[in-house]
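Chemist: Okay, here's the structure, questions in a sec.
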Amino acid sequence: MELSDVHCLSGSEELYTIQPTPPAGDDGSGSRPQRLLWQTAVRHITEQRFIHGHRGGGGGGVSRKASNPAGSGPNHHAPQLSSDSVLPLYSLGPGERAHNTGGTKVFPERSGSGSASGSGGGGDLGFLHLDCAPSNSDFFLNGGYSYRGVIFPTLRNSFKSRDLERLYQRYFLGQRRKSEVVMNVLDVLTKLTLLVLHLSLASAPMDPLKGILLGFFTGIEVVICALVVVRKDNTSHTYLQYSGVVTWVAMTTQILAAGLGYGLLGDGIGYVLFTLFATYSMLPLPLTWAILAGLGTSLLQVTLQVLIPRLAVFSINQVLAQVVLFMCMNTAGIFISYLSDRAQRQAFLETRRCVEARLRLETENQRQERLVLSVLPRFVVLEMINDMTNVEDEHLQHQFHRIYIHRYENVSILFADVKGFTNLSTTLSAQELVRMLNELFARFDRLAHEHHCLRIKILGDCYYCVSGLPEPRRDHAHCCVEMGLSMIKTIRFVRSRTKHDVDMRIGIHSGSVLCGVLGLRKWQFDVWSWDVDIANKLESGGIPGRIHISKATLDCLNGDYNVEEGHGKERNEFLRKHNIETYLIKQPEESLLCLPEDIVKESVSCSDRRNSGATFTEGSWSPELPFDNIVGKQNTLAALTRNSINLLPNHLAQALHVQSGPEEINKRIEHTIDLRSGDKLRREHIKPFSLMFKDSSLEHKYSQMRDEVFKSNLVCAFIVLLFITAIQSLLPSSRLMPMTIQFSILIMLHSALVLITTAEDYKCLPLILRKTCCWINETYLARNVIIFASILINFLGAVLNILWCDFDKSIPLKNLTFNSSAVFTDICSYPEYFVFTGVLAMVTCAVFLRLNSVLKLAVLLIMIAIYALLTETIYAGLFLSYDNLNHSGEDFLGTKEASLLLMAMFLLAVFYHGQQLEYTARLDFLWRVQAKEEINEMKELREHNENMLRNILPSHVARHFLEKDRDNEELYSQSYDAVGVMFASIPGFADFYSQTEMNNQGVECLRLLNEIIADFDELLGEDRFQDIEKIKTIGSTYMAVSGLSPEKQQCEDKWGHLCALADFSLALTESIQEINKHSFNNFELRIGISHGSVVAGVIGAKKPQYDIWGKTVNLASRMDSTGVSGRIQVPEETYLILKDQGFAFDYRGEIYVKGISEQEGKIKTYFLLGRVQPNPFILPPRRLPGQYSLAAVVLGLVQSLNRQRQKQLLNENSNSGIIKSHYNRRTLLTPSGPEPGAQAEGTDKSDLP
């Protein structure tokens, strides 16, 4: 760092920094453990499902730090942003500087809209970096001007958006209403005090006109207070402004009355000062209005003083002194009003940013929920949470490869396969093929919902679903048959529209299933059982265009459908081997009128179309796009779904249209305003009188927060000192030299304070001075010392001059006339100016916005005590002489008593103003703390979403959905010319699997399968297999692909990924052997590998699924199904590539491959034996840590949910609380009504023995 660059780092900046959350077990590779991925997501699902309580309105790498306290500007010191940092919510715009070194706008317009977020490495999907919050220049019309860090007022301190300005005015409406009431009450109490004193002390009765005016003005102020209080729910900002104008008019009229001799406070200069201070600091007037009002009041008083002089000792210097006095109060008032309003606007923006962060957090919650539900049905998540929520043993969440399986009886399983799809895929482009599949399966999903079926999975062109899961249904077989009939009608309509020979082959069987999720990667909900295998074989042994059912399904149909013999044994070896009787549903004689409603609409209009395309969705219905409801738009607030709108606090938007962006934020702010009106945060976190936080740690962080307007406050205090000097110079002491020395010293001392606090903005100053400046600005105690020193200097400037009054040469007390008094300009002739300048010193306390209000009160009391001591004892004669000279006998209250009353009024006004500012600043601080917590949670949620998205899509595909402009509404599809495809099955697992009491109806068999798949998944975590993507598991078959990354398609080593796939196949055989040793089994893998061109894409909107299609996929599958257990079979084309890469093969011969040999004849195949020589580029195996089964993930999140619940119960009435204390844990997590799980015969949560 250069010596000229001094960065002031606040000790409290960590409060505004998104703290890193070190991933457990991270080895530096950038991988994050998966066991906490579902924590907030499932909590959100649970809360959405069961919690309807009232919601309050109220990471890795080095983060960019920024402190921006209430009333502060963005000219803070920010350290350099590292390359791996995450932008905080409160940050400078890209075009803003940490320090302004010249006369510039406080909020300069940003030069660009780019983000400063660093790169997240090669695996970053691009949505972990928080969106940079808009800078203040995006909100303000004119944020003021600054020079060397000192902010100067502007008259147009308002927001650009009218809606935002309206919300801001409403946000602080209650505070301003209260300030006006307090000001009027204070004025009324002053009048009543004077009235009581007059009745008690005055020797003569009160002038009737004076009494009438007193009662009239008191009545006006009482009526104003009553109207403002009574109409508080209906009071608008404009109405409040007009009431403020009426209050000012009433006070100014009293000044006029005092000038005419009908006031209770002498000539009324002190009351003018109070009126000016109240106009700027307590009345709800815009700054422009306040300036006009202040100038009008000042001009009125000066005019009256000149035209109707009421003092015996009078001079032009005294008039000039008044002018300077009023100028000083107006200048201080402008600074106070502007900086106070600016502080409130900053607090409002922080509230808005907090609301925006909360809205983004809810959006992330909704994305998380959709991601979870795209993998797992809601009933499974809720049942798992319900069963695991009482598990308190911490070590259970770390147990190895847990599974969670449900068993359901009395269900029907439907398998459907598109006949002719392979030939169709060769005639369509990648985009057309994926679009067709998406539209076709979207219709099937819609039909499944109508017929009460649950879609399980899509396997290429195969679709299968289950009825009776999760809700039990007596007509589950009927639902599947109706589903099959609708599918056949749909595919026939497709065939008629596309002119392609496609049809459906459907098989249905009834029985029981086990359902759940296996493995560590690419989670997909699936079903397993003997009955699932039968349904699959019924499909493969069926007839295109017909529904092939078993005897079990026929028995469930109760004769409601006409059937005929299916002869499935003749077409399928499995059916023949197990002697399964089959039947075919007779196709009903129906026309297109019985098609699904949306297709009927299309068929009616299709005859009118002259140019029909290849798709079949030209009607009124169109399928949703995959992930359209999950990722939303990049860098914008995702629109809330109508279902998710109910999640907003207090169901804010139940009756509203779905909105997004600023409109939704503004709606939420309105709700926040309603909550804020109850002062919940103040009662819960802030002590009533001192306004200190009840939490000592919060108080410490708040006290260490940088005060960005401290320099401006100090400059304003220095200006006040200059005005005090000017006033007392116009009315000099008889001892001119001591006074000159006094003010010279005070000005130099104050100049030194200003210099030492602004030195950081002057690079020409010594480095040690600038570092001292940084330390002062960042240290609470040092700032307070400077503040007290400034107040003391101003106070000494106001009071010390009284020491130079010479009683020996004082003016004569008798026989003075107005004409002869013009020569007397000694300040001792006007002792009340000692009080007026003392009032200016008191106003100096109000200038320092961040000074604690209790400390202000203490300082003000000390000032009044010193003045009382001087006026009542040492210099009482000076005031008595002045009263004898200028006041008539009717004046019951002397100058010194009136002065103390005036100071008491200022004490109450300044203290209340300080309390309001401090409350605003502390409330702003609480909002920031809350926003920071929610942003950290949002960051963690986004990390969870990224990892979950990785479990659904390859990284480059995930980036497509997150970075691409989603307005184009294009499906994701990609053609690849050189990829490797592998299928690895366990042929012996079907014989091993059995549903008996001994193995818990097949659960123990699936437990072992889970261990096998999990071991396979862990192999993919090794660096050498980073080019391989798991696609899915199909029963006991494992499917993986290499070369899908666009980089691999363009690299020089075109088939390096294929070699990695072959190495992976060899590693799988070693892994299964290791499993056999520990499980006492003798499983063997049967693996098939092929390479070539494929089409990849994402289909399905509700359950998006990434898949690949093409001849290469079919050939790899046939290499597996026609292979030999314990061997790896490849076709000749793959053999020719791998043999040159150091692999050894054994020639098998020519085999018949269904679906391919019909056109190309028999296929030459080879068995992969291994590597002849090791690959020198293969690094030693290195496992990435932190992979756990789905059950371990959910178990961990449940225990975390319980811990969070305890924390939230502590804040049950807090704005940020979303869980009420009265709910019972069991009630919260137990499904209500006829929920799923009633049909589950047993669930498994135990571990592998």
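Cβ coordinates are placed from backbone N, Cα and C, and glycine is handled just like the others.
Since this is a predicted model, take the numbers as computed values, not measurements.
Here Swiss-Prot flags 1-180 as region 'Involved in ORAI1, STIM1, PPP2CA and PPP2R1A interaction', drawing on similarity to another entry. Per Swiss-Prot, topological domain 'Cytoplasmic' is recorded for 1-180, 340-713, 913-1249, and the stated evidence type is sequence analysis. The region 'Involved in AKAP5 and PRKAR2A interaction' annotation in Swiss-Prot covers 1-107. The region 'Disordered' feature in Swiss-Prot is assigned to 14-33, 50-118, 1221-1249. Under the heading transmembrane segment, Swiss-Prot lists 181-201, 210-230, 245-265, 272-292, 294-314, 319-339, 714-734, 736-756, 785-805, 829-849, 859-879, 892-912. The Mg(2+) 1 binding site annotation in Swiss-Prot covers Asp417, Asp461. The phosphoserine annotation in Swiss-Prot covers Ser612, Ser622 and rests on a large-scale study or a structure entry. The N-linked glycosylation site feature in Swiss-Prot is assigned to Asn815, Asn819, Asn886. Taken from Swiss-Prot, the feature site 'Essential for autoinhibition maintenance' applies to Val1198.
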Chemist: Quick one: do the transmembrane segment (829-849) and the transmembrane segment (736-756) reach 3+ CB pairs under 8 Å, ignoring pairs fewer than 6 apart in sequence?
Modeler: no
Chemist: For the transmembrane segment (210-230), which recorded stretch in the set 181-201, 319-339, 714-734, 736-756, 859-879 gives the largest number of Cβ pairs separated by under 8 Å?
Modeler: 181-201
Chemist: Tell me which residues of the chain lie with their Cβ under 8 angstroms from that of Asp417 (Mg(2+) 1 binding site), as long as they are six or more apart in sequence?
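Modeler: Within the chain, Asp417 (Mg(2+) 1 binding site) has Cβ neighbours under 8 Å at Asp461, Cys462, Tyr463, Met504, Arg505, Ile506, Glu539, Ser540.
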Chemist: Taking the Cβ of Asp461 (Mg(2+) 1 binding site) as centre, how many other Cβ atoms lie within 10 Å?
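Modeler: So the number of other Cβ atoms within 10 Å of Asp461 (Mg(2+) 1 binding site) is 21.
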Chemist: Does the structure show the transmembrane segment (272-292) and the transmembrane segment (892-912) touching, where I'm treating 3 or more Cβ pairs under 8 angstroms (sequence separation 6 or more) as a contact?
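Modeler: Per Cβ check, the transmembrane segment (272-292) touches the transmembrane segment (892-912).
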Chemist: Among 714-734, 785-805, 892-912, which stretch has the most Cβ pairs under 8 Å to the transmembrane segment (181-201)?
Modeler: 892-912
Chemist: Give residue numbers and ranges for long-range contacts of the transmembrane segment (892-912): same chain, 6 or more residues beyond its ends, CB-CB under 8 A.
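Modeler: Residues 179, 182-183, 186, 190, 193-194, 197-198, 201-203, 264-266, 270-271, 273-274, 277-278, 281-282, 831-832, 835, 838-839, 842-843, 845-846, 853, 856-857, 860-861, 863-864, 867-868, 871-872, 876, 879-880, 882-883 contact the transmembrane segment (892-912) from elsewhere in the chain.
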Chemist: DSSP secondary structure for Asp417 (Mg(2+) 1 binding site), reduced to helix/strand/coil, please.
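Modeler: Its secondary structure by DSSP: strand.
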Chemist: Calculate the per-residue pLDDT averaged over the region 'Involved in ORAI1, STIM1, PPP2CA and PPP2R1A interaction' (1-180) and state the result as an integer.
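Modeler: Computed over the region 'Involved in ORAI1, STIM1, PPP2CA and PPP2R1A interaction' (1-180), the mean pLDDT is 48 on the 0 to 100 scale.
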